Amino acid sequence: MANVLINGYGSIGKRVADAVAKQDDMKVIGVTKTKPDFEAKMAVEKGYKLFAAIPERKHLFEEAGIPVEGTLDDIIEDADIVVDGAPKKIGKANLENVYKKHGVKAIIQGGEKAGDAQDSFNSLWSYDRCYGKDYIRLVSCNTTGLCRSMYAINSVADILKARIVLIRRAADPNDIKTGPVNAIVPNPVTVPSHHGPDVVSVIPELDGKIMTSAVIVPTTLMHMHSIMVETSGTNRDEIIDALAKTPRILTVKASEGFDSTAKIIEYARDLGRSRYDLNEIAVWEESVNVVDNEVYMMQAIHQESDVIPENVDCIRAMLEMESDNLKSIEKTNKALGLIK
């Protein structure tokens, strides 16, 4: 049984904690928070042992009436691995100043740079490379989604060139500080966006073959990708079959009511998913087309949750708990109740 510590019980951290708690080969030994907010209170109510991420703030939790077991320093030595859920740039600082200092394995999230860790993780592409490693970066929600669809396409044809336009959500639903509210923003205005190089950090064979551009639009529900991939040769039926066989990809039909990201999220709600999470990415079947061996399709990414099962698989890889990535994926999916 692997002892997992969640450092940063926020948007990603709380989801990873719940996912780990559902596995039969790992357990959450504690979670940390920097301030005594409602998430800290709910962590305790869920039965997680709560620790102050910043020792000097421990008294704030006590004054707020939220019981804490101690500080990060009090629990980190008991962890086999730490999943870092800190905001962008803080993960790198934690890696250098905390995890390496204590000699504990750690996963940092996709807001950090590829060079900040030993490798970049995706369950389908880099499980073997990350096996037994000490410090790994779990790539972002967009990169995770692109890696899944590239895997499906690559399973039936060689990828010669990939062009992707990313339509990114402006902010998460709980974020009141980020926009835009009434604009479409190139993000970045330069091409390529960081997403292409990030995919290459997972799939080196796409170096020089992938180009991405991105814009932000006023929505909070999901990202969307418009994908165009030149291949060595395939057809629509092969691509649809490959998508159906690839873990954590759902094919949806606009003709069945899935005519927007709002309807996809409504589907997640109707499934009874916690926080309406959709760990799988959704590809519109009608959007799949192949013209002169070039694949076209559109997919939607739930930015808060598609990386969650990958974190669980990454734990198994780094702790050498399962050598077969597909077996880990199957085990994780079953525990989380994923469709595929």
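In case you wondered, yes, glycine gets a Cβ from its N, Cα and C as well.
Record note: Swiss-Prot gives SER11, ILE12, ARG169, GLN303 as NAD(+)-binding, and the candidate from GLY70, GLY111, GLY233 in that site is GLY111. When the alpha carbons of ILE12 (NAD(+) binding site) and CYS141 (D-glyceraldehyde 3-phosphate binding site) are compared, the span between them is 11 angstrom.
Counting only same-chain residues six or more apart in sequence, the Cβ atoms lying under 8 angstroms from the Cβ of SER11 (NAD(+) binding site) belong to GLY85, ASP172, ASN174, GLU304. Taking GLY111, ARG169, GLN303 as the binding-site residues under consideration, the smallest Cα distance to HIS195 (D-glyceraldehyde 3-phosphate binding site) is found for GLY111. Residues GLY110, VAL139, THR143, THR144, GLY145, LEU146, LEU166, SER193, HIS194, ASP198, VAL199, THR212 surround the recorded D-glyceraldehyde 3-phosphate site, their Cβ atoms falling within 8 Å of the Cβ centroid of SER140, CYS141, ASN142, HIS195, GLY196, which are themselves excluded. For the recorded NAD(+) site, residues SER11, ILE12, GLY111, ARG169, GLN303 set the reference point as the centre of their Cβ atoms, and the other residues of that chain within 8 Å of it by Cβ are SER140, CYS141, ASP172, GLU304. The binding residues for D-glyceraldehyde 3-phosphate are recorded as SER140, CYS141, ASN142, HIS195, GLY196; their greatest pairwise CA distance is 13 Å.
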